[in-house]
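Visitor: Here's a structure for you.
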Amino acid sequence: MHIVLEFFLVTFRVLWAFVLAAGKWLLRPKDKSVAGQVCLITGAGSGLGRLFALEFARRRAQLVLWDINSQSNEETAEMVRNIYRELEAEDSARRANSSAEEEVLPCCNLKVYTYTCDVGKRESVYSTAERVRREVGDVYLLLNNAGVVSGHHLLECPDELIERTMMVNCHAHFWTTKAFLPKMMELNHGHIVSVASSLGLFSTAGVEDYCASKFGVVGFHESLSHEIKASDKDGIKTTLVCPYLVDTGMFRGCRIRKEIEPFLPPLKPDYCVKQAMRAILTDQPMICTPRLMYIVTCMKSILPFEAVVCMYRFLGADKCMYPFIAQRKQATNNNEAKNGI
């Protein structure tokens, strides 16, 4: 009898979860504040990482930027400083124009910290994380964004590049999370964001290493989310970001069928980041961009494999990475010829 009652209770909770999800979809929750909170972003020197940094800066977060390229990372930091200066000017203007009765925002007094770190190396992650704790303080939001792509067919890809892809795209999430999650657990306060890819939900030919790394991120993130829930740490949130192809140049040359491409073009980086920010600031567990990716993932799960192959061929998705791989190979050959290799 006890298990029967529990079954009905679970059924009610499942249905209630659907109601809450529908309510959040219809009535968007208010964005939470990250003002003054320490937000660490990996791969902040370019692409989505840079755009995430600028978005969090506009929301007055205290930023810690990691990248393997110190020059590009510093360029992002200077953009962040410009935003901070603009915010400080706005605060000063408000104080000057406000009456005594009006509440005035305090001065920003925000700083951005840059660290050169190779997230593909465990020792580099742990040593840099220790510096962050010592020089900045506790990290509230960890955004794992750093990623690489080899751009080779499996049988032509050097083993070292496969290992590098797995280390940077997947293993780094383990190292950074192990470095910063303990304090979040202690305080029951934090947020972990994993930037994966639609290629972590379904795959295509020619990017076996990249797909494996992103599938790994999705599995890691889902298991981590369950572990946090099992620990009853309801103050720690997680968000999984799975965008479709983003027009950052990382997959330049990738093409689906030309008749279909106008309906499913590469995502603009700004749009992708704004959608992800909306999910992060409302504690949404997962965001796929565009929403069509939810349907594709569901269909891939229920359709026979041959049916999926048929759909891929119709969309031109079966060999969509081949032009990208050819361009990367040509660029490599040109570079070797230029350097006399």
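Cβ from N, Cα, C; glycine included.
Pulled from Swiss-Prot, these are the listed features:
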TRANSMEM  3-23  transmembrane segment
BINDING   40-64  NADP(+) binding site
BINDING   SER197  substrate binding site
ACT_SITE  TYR210  active site, proton acceptor
Visitor: Is TYR210 (active site, proton acceptor) helix, strand or coil when read with DSSP?
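Guide: For TYR210 (active site, proton acceptor) - judged by DSSP and reduced to three states - the answer is helix.
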Visitor: Go through LEU48, PHE56, ARG60, VAL64, the listed binding-site residues, and name the one with the sparsest Cβ surroundings, counting other Cβ atoms within 10 Å.
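Guide: Output over binding-site residues LEU48, PHE56, ARG60, VAL64: least Cβ neighbours within 10 Å is ARG60.
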Visitor: So among the binding-site residues LEU40, ALA44, who's got the most Cβ atoms within 10 Å?
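Guide: Result for the most crowded candidate: ALA44.
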Visitor: Taking the Cβ of the residue listed as 'substrate binding site' as reference, which residues of that chain separated by at least 6 in sequence fall under 8 Å from it?
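Guide: Long-range Cβ contacts: GLY147, TYR210, LYS214, CYS242, PRO243.
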Visitor: Non-local Cβ contacts of PHE52 (NADP(+) binding site) (under 8 Å, 6 or more apart, same chain)?
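Guide: Same-chain residues close to PHE52 (NADP(+) binding site) (Cβ under 8 Å, separated by 6 or more) are ILE41, ALA44, LEU143, ASN145, VAL273, ALA276, MET277.
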Visitor: What does DSSP assign ALA44 (NADP(+) binding site), in three states?
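Guide: ALA44 (NADP(+) binding site) sits in coil per DSSP, no helix or strand.
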